[in-house]
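Quick look at what Swiss-Prot lists:
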type	residues	note
ACT_SITE	HIS504	active site, charge relay system
ACT_SITE	ASP534	active site, charge relay system
ACT_SITE	SER619	active site, charge relay system
COMPBIAS	1-20	compositional bias 'Basic residues'
COMPBIAS	21-64	compositional bias 'Basic and acidic residues'
COMPBIAS	71-108	compositional bias 'Basic and acidic residues'
COMPBIAS	126-137	compositional bias 'Polar residues'
COMPBIAS	138-186	compositional bias 'Basic and acidic residues'
COMPBIAS	247-262	compositional bias 'Polar residues'
COMPBIAS	264-296	compositional bias 'Basic and acidic residues'
COMPBIAS	310-330	compositional bias 'Basic and acidic residues'
COMPBIAS	331-347	compositional bias 'Polar residues'
COMPBIAS	348-364	compositional bias 'Basic and acidic residues'
COMPBIAS	365-390	compositional bias 'Polar residues'
DOMAIN	680-733	domain 'PDZ'
REGION	1-390	region 'Disordered'
TRANSMEM	410-430	transmembrane segment
Amino acid sequence: MDIGKKHVIPKSQYRRKRREFFHNEDREENLNQHQDKQNIDNTTSKKADKQIHKDSIDKHERFKNSLSSHLEQRNRDVNENKAEESKSNQDSKSAYNRDHYLTDDVSKKQNSLDSVDQDTEKSKYYEQNSEATLSTKSTDKVESTEMRKLSSDKNKVGHEEQHVLSKPSEHDKETRIDSESSRTDSDSSMQTEKIKKDSSDGNKSSNLKSEVISDKSNTVPKLSESDDEVNNQKPLTLPEEQKLKRQQSQNEQTKTYTYGDSEQNDKSNHENDLSHHIPSISDDKDNVMRENHIVDDNPDNDINTPSLSKTDDDRKLDEKIHVEDKHKQNADSSETVGYQSQSTASHRSTEKRNISINDHDKLNGQKTNTKTSANNNQKKATSKLNKGRATNNNYSDILKKFWMMYWPKLVILMGIIILIVILNAIFNNVNKNDRMNDNNDADAQKYTTTMKNANNTVKSVVTVENETSKDSSLPKDKASQDEVGSGVVYKKSGDTLYIVTNAHVVGDKENQKITFSNNKSVVGKVLGKDKWSDLAVVKATSSDSSVKEIAIGDSNNLVLGEPILVVGNPLGVDFKGTVTEGIISGLNRNVPIDFDKDNKYDMLMKAFQIDASVNPGNSGGAVVNREGKLIGVVAAKISMPNVENMSFAIPVNEVQKIVKDLETKGKIDYPDVGVKMKNIVSLNSFERQAVKLPGKVKNGVVVDQVDNNGLADQSGLKKGDVITELDGKLLEDDLRFRQIIFSHKDDLKSITAKIYRDGKEKEINIKLK
């Protein structure tokens, strides 16, 4: 959006600023209008409103003017900031440069001032030696030209002279020393002529000399200009004595580069010896050379001497020491700066040339050493390989010789080893078979012990037959099953035998035929029976000593999977003394029993399950463990299609409780609460609604009838009550109710029952006596 005065801004920014401007202006107008309304009447207020609300065109013009002025002010601020930043950068750079070169500038200025003060002494000295110096102009001109070429293109000249000067001789060294001496003489003559001309001009020449000296101290590399001035002068010669002294001063000066810390002492000694000659002073370029290299006393030393590089810290330390030395020796060392600069430059160029030659020789030496070391390594590797091959050949030869000499003995030794291995395997197999036989013998011994116990048990198991076959109305096969069973002699007192068997075996007959294992028979009398436990006790008398009393075990210690033996007389006397083997398949089984054969279960019998073969006639037989002790009495078998070896035995501990009462009382007194019950599972929906049974109740019994003045009536039990829990145990049906009640036949204590009456849950105590 172009708003005039060369200001262009985005359209969105223009609109946003315009909205802000109008909003602020309207707010000010409203504020002014509100204040005017408080001070003037309604008519005046309306006129004021018309004056305050200006034309929209005026608003846009005011906005553009305001925005343009704002942008101009912003541009001015930006330009001022940039100018300030550039100025600050320049100030910082100048301050840095000023600080960086402050030390050198101070020393150079001090040298120039000191040189001006001693111009008179210098002029006198140079006048005395001017004639001798002019005679050597031609020689100095040639050598100075050669030095300029070497300094301008030192890399090229250095590479060309490296091959020629790689091994300098003594004659070459002397030649270089003479050239250096002649160059120093030319430098001194050049400076003498210049100072002589300047001294003739008086005060004007002194100012000119100070400027020349300061320029030379600030710009050391300007050797070409001084050479041109020397070329315009006449040649001079110096005595041989002055050449030697100047060479000694030059050597003393080079010592200062090598020994650093002893520089001041060497210079002071040199000045004392040459007090009537020109003292030496190092310029800035000499400082650079001293910072980068360390040289010997002799500048023309052997070119193989390596140059060592200094670190930044060492260079800074040398600079500081050099500046301090210059300040200390300004009064004595500022005479002939031009001469010293030229002589030092020529010395430095020669030294650099020698160093470049030295570096080239070192490089060639390194290459030669590298090739030599590579060849040596290759030779070593080849020699090692040859030695390895020779060693392998020697080993193979040794093995061949050894085999040719001792092969019969080795064959015999291998045969002996193989024979030993075969015999060891045979003996191990024999020992293994012996161990297996021992194990089998041990098993056979155990089996023999078990069978011995079984044979003893057979002497305690008898056949029990009643006499119902003559007058029984049952079918013959059914009658024979009921008439024949087995019994166990659990106690013997003299000739009196006490035999336990099943109640369904003795039936209703009082007298029973008892047949022993030796086929002798006696008549026994039934002392008592209990249909709820399906047990009966028969008493018989026999003087046969072969009949033995069975050992009683403990049924509370039975273990699932424990081996057992079943001894009985299946199918009568013809198969008496049959022994079958099995294990205990289950514990604490509740087996429903139908005693009266009306297809309705009468009682839950507590028993353990066995898988030994049980057949008709085994009822009342003995279940013994491997020790031959009685642990149970065979009571029932499940006879269903596709069901095999599922038989049940009454635990011997329960048997002992029952037979004790049967011996003395002939019966078992069970508590009778005087109720008749129905199972909840057999109720229909109408009967469930009649007793108001909750839907969550699935198992239990419903009281159908309560005897007057019976234990149930006395306990508060009523018809229609639903019993779901008895003595803390869940009640499934009426068989479970009878089993729990009969389990308290010995203590006859009251038990707690949980019932539902009219749909409400409650607890009552049922009396058992």
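Including glycine, each Cβ sits where the backbone N, Cα and C put it.
A map of Swiss-Prot features onto the structure.
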| residue | record | DSSP class |
| --- | --- | --- |
| HIS504 | active site, charge relay system | helix |
| ASP534 | active site, charge relay system | coil |
| SER619 | active site, charge relay system | coil |
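In the predicted model, the domain 'PDZ' (680-733) has a mean pLDDT of 84.
In this view, ASP534 (active site, charge relay system) is surrounded by 25 other Cβ atoms within 10 Å of its Cβ, with every protein chain counted. Taking the Cα atom of each, SER619 (active site, charge relay system) and ASP534 (active site, charge relay system) are about 10 angstrom apart. Comparing HIS504 (active site, charge relay system) with ASP534 (active site, charge relay system), their Cα atoms are 7 Å apart once rounded. The most densely surrounded of the active-site residues HIS504, SER619, judged by C-beta neighbours within 10 angstroms, is SER619. With helix defined as DSSP H, G or I and strand as E or B, the domain 'PDZ' (680-733) counts 14 helix, 13 strand, 27 coil.
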